[in-house]
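Data first, discussion second: the structure below is written as structure tokens.
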Amino acid sequence: MNKLVSLAKRRGFIFPSSEIYGGLSSCFDYGPLGSEMKKNIKDLWWNAMTRRHQNIVGIDASIMMNPTVWEASGHVASFNDPMIDDKTTKRRYRADHLIENHIEKLHRDGKEAEAAAIKVAYEAAGGTEDPNRTLYNIIIEAGIKAPDTGSADWTEVRQFNLMFQCNMGAVADSAGVVYLRPETAQGIFVNFHNVREASRMKVPFGIAQIGKAFRNEIVKGNFIFRMVEFEQMEMQYFVKPGTQLEAFEAWREERFRWYSETLGMSKEKLHWYKHDKLAHYADLAYDIKFEFPFGIEEIEGIHSRTDFDLSQHQKYSGKSMEYIDQTTNERYIPYVVETSSGCDRTFLALLSDAYQEDVVDGEPRVMLKLAPKVAPVKAAVLPLMKKGEMGEKAAQLCRDLSESFMVQYDDAASIGKRYRRQDEIGTPFCFTVDHDTLENGTITVRYRDTAAQERINMSKAAEFLATKLM
């Protein structure tokens, strides 16, 4: 993980935020390459969700909304995490995550009976008189230890609200309290009828959104995996009650394919996790998890949210959230199937999956084996000599390609060092302008993954890239 963090900063993917002032815990800035790659991820998601589905449209809701939205959604009253501290290091952990990870480890170790017993107690915790105490007892009785130190000296479990509260207006009083949204989903739900009417949508249909969310995470860390400011890519799919399971399975399959096929993630590093303990709004939930260097963690949640959200907003706003089927005249509040992907977590998963070290021509190299669609730079143009006609042709090729693709021009250092630089940032192709270019108009294409080379006509470079990026 340290190598990945070092590469990310050195090559301009991710910087610590406000670093000259010492930074701020779990806040990061995306650099030139990071912002390009993140945009590629978001564009690929947006195209997959909206362009390829005629019944899904987009929205960009406000970060701050009427605070009653968050009362209706349940966030004001219950958007809490159960936290427990390691007395040895004073580090704080989510109690539920410690238990869930312990159960998964027992399964992997073949200790099914022990895992089942802890799971039964864990699932019953929410219905006990003191859920916090119950979680604490499970941790103590199961001998669960702190992942970092192996210590089992724990504090009691306590609840922490995760919403950022701020004030709107000149006076800091309760009347001006607003919240930075902890999720993007509610901006979709409150616009259900606006979008449906404006877009003339009929159930089933979906609303997609990419946007920032904010959570006062007590447990931070693992680079950009868990931050207080992060970006979500969410889609809420509205269906007729009784059809949600069919829609859920369809989206579950499609979302897994997006990671493995569109983004090119290693299938063997992707895992399904079914939630047996469900959130108050859900009747079914799965996570897509990825094998990070620090463990197997969630990158996307797929949830059947029932009619909870629309019903709550109907109750608190006094406005009907019912849908009238024009064919059957049925009236109902739609059920919702949600796909919720973390853009930053996806970014980190892609970097983790792509990072490789190997030897080429007797020289060690670091390579990011990113899918060409995801790579921040699609091609590098490298003149063998930077002066004279060779440099001029290379510069012209770079200008031509830049009209359609993100391309870098590099004429500094030996050609071998330039290849290594491009390998390290994940550039899939290098176009080398050399002596043969001046004689017959061909250039060398060098492939990142294999270091193999071939020659193509310089006039075909744009066509070559377009084909490889399809």
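Numbers run from 1 along the shown chain.
Each Cβ is built from the backbone N, Cα and C atoms, and glycine gets one as well.
The Cβ neighbour count for Gln232 (substrate binding site), using a 10 Å radius over every protein chain in view, is 20. The substrate binding site annotation in Swiss-Prot covers Arg94, Glu183, Phe230, Glu231, Gln232, Met233, Glu234, Glu338, Thr339, Ser340, Ser341, Gly342 and is backed by sequence analysis.
The annotation ATP binding site is assigned in Swiss-Prot to 215-217, 225-230, 298-299, 342-345. Sequence-distant neighbours of Ile299 (ATP binding site) (same chain, six or more apart, CB under 8 Å from its CB) are Tyr259, Ile288, Lys289, Phe290, Ser341, Gly342, Arg345, Thr346, Ala349, listed in sequence order.
Taking the C-alpha atom of Cys343 (ATP binding site) as reference, the shortest distance to any of the binding-site residues Arg94, Phe230, Glu234 belongs to Phe230. Arg345 (ATP binding site) carries a helical DSSP state (H, G or I). Counting neighbouring Cβ atoms within 10 Å of each of the binding-site residues (Glu217, Glu234), the lowest count belongs to Glu217. Glu234 (substrate binding site) and Val228 (ATP binding site) have their C-alpha atoms 18 Å apart, to the nearest angstrom. In this view, Val228 (ATP binding site) is surrounded by 17 other Cβ atoms within 10 Å of its Cβ, with every protein chain counted. Here the C-alpha separation of Val228 (ATP binding site) and Arg94 (substrate binding site) works out to 15 Å.
Of all the binding-site residues listed (Arg215, Arg226, Arg345), Arg345 sits in the most crowded Cβ setting, with the most other Cβ atoms within 10 Å.
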